[in-house]
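In what follows, a single structure is set out as C-alpha cells and then discussed.
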Amino acid sequence: MVKISFQPAVAGIKGDKADKASASASASAPAPTPAAEILLTPAREERPPYQRYKKGGSVGGVCYLSMGMVVLLMGLVFASVYIYRYFFLAQLARDNFFHCGVLYEDSLSSQAHTRMELEEDVKIYLEENYERINVPVPQFGGGDPADIIHDFQRGLTAYHDISLDKCYVIELNTTIVLPPRNFWELLMNVKRGTYLPQTYIIQEEMVVTEHVSDKEALGSFIYHLCSGKDTYRLRRRATRRRINKREAKNCNAIRHFENTFVVETLICGVV
C-alpha cells in the first residue's frame, strides 16, 4: 500500500508581516488538521494472456494418442494369440491324446483263459475326422508293433507294420472301429483309470492283393504314414477259418483296440 500526502499552500502574505501574522495566527489558531492522505492499493500483477495451443501441436497430440491406442490393441491381440496357442490348444491336444491299456482274455491262444495286457497311444483328431494309433512292442508277444490310421473321410484304414516296415491299406470296417467322436467319449470316460475294463478279443483275417503305386490317392494322412514304404492293398476274408501252422508262418498279427474289445488283425500272404 502506498501513502501519498498533500501539504496546503500559503498565499497572499509577503515580508515580515506575513511572518508575524503567520506566527500569531499559528499561536492563536487551533492545531492544524492533518494533511489529506490518499491510500492507493497496488495494482494486481497482470497475467499473461491465455496462450492458445498451436494447431500443429494439437494434431501431434492426436497422432501420439492414436499410436498409443494402436500399440495397446496390438499388445492385446498378441496376448490373446499367445494364450490361445499355448494354453487352449495345449489343453485341447492333451484332451485328444491318450495313453491307455486294456486287460483281456486271450481266447485265441492255445492256453485257455490266458490273461493278456495291451497298451497303445491314441490320438483323435475330431475336426479332421481320423484316428491315429501307435501300438508299441507287446510285452508278452502276440503281435507286431504298428502304426494305424483310421481315416473316416476317405473310408480307409492303413496299417504300418513296424517290424516289416511295410504299409497295408483296406476299406474301413465301421462295425469294429468306433468313429472319432464316440471313441473319444469312451476314452474320456475311462481316463481316470489306467486300463479299460477287462474285455475279450476277436480276430479278422486279411489277404494281400496288389501293390499300391499312387499313395497320394489314399489321402494326405495315409500318404504321410506310408510315404517311402512298400504299400499293398488288402482284402478281408468273409468267412473265418482255422489257420494251420504252415499258413501262420506267412501271416503277421497286429493287436489293437478302437472299441470296447481287442482286435487281432491277421495279414496273410505277406510279400
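We count from 1, first residue shown onward.
Backbone N, Cα and C atoms are what each Cβ position is placed from, and that goes for glycine too.
Quick look at what Swiss-Prot lists:
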type: DISULFID; residues: Cys167-Cys226; note: disulfide bond
type: DOMAIN; residues: 140-234; note: domain 'BRICHOS'
type: CARBOHYD; residues: Asn173; note: N-linked glycosylation site
type: MOD_RES; residues: Thr41; note: phosphothreonine
type: TRANSMEM; residues: 59-79; note: transmembrane segment
Cys226 (disulfide bond) to Asn173 (N-linked glycosylation site) - Cα separation in whole Å:
20
Taking DSSP states H, G and I as helix and E and B as strand, how many residues of the domain 'BRICHOS' (140-234) are helix, strand and coil?
20 helix, 39 strand, 36 coil
CB contacts under 8 angstroms to Cys167 (disulfide bond), restricted to the same chain and 6+ apart in sequence, sorted by sequence, are Ala158, Tyr159, His160, Asp161, Val212, Ile222, Leu225, Cys226, Lys229, Asp230, Thr231, Tyr232
Measure the Cβ-based neighbour count of Cys226 (disulfide bond), defined as the other Cβ atoms within 10 Å of its Cβ.
23
Chain-internal residues, separated by at least six, CB under 8 A from the residue listed as 'N-linked glycosylation site'
Thr157, Glu204, Arg236
For the domain 'BRICHOS' (140-234), would you mind checking the mean pLDDT of the predicted model?
92
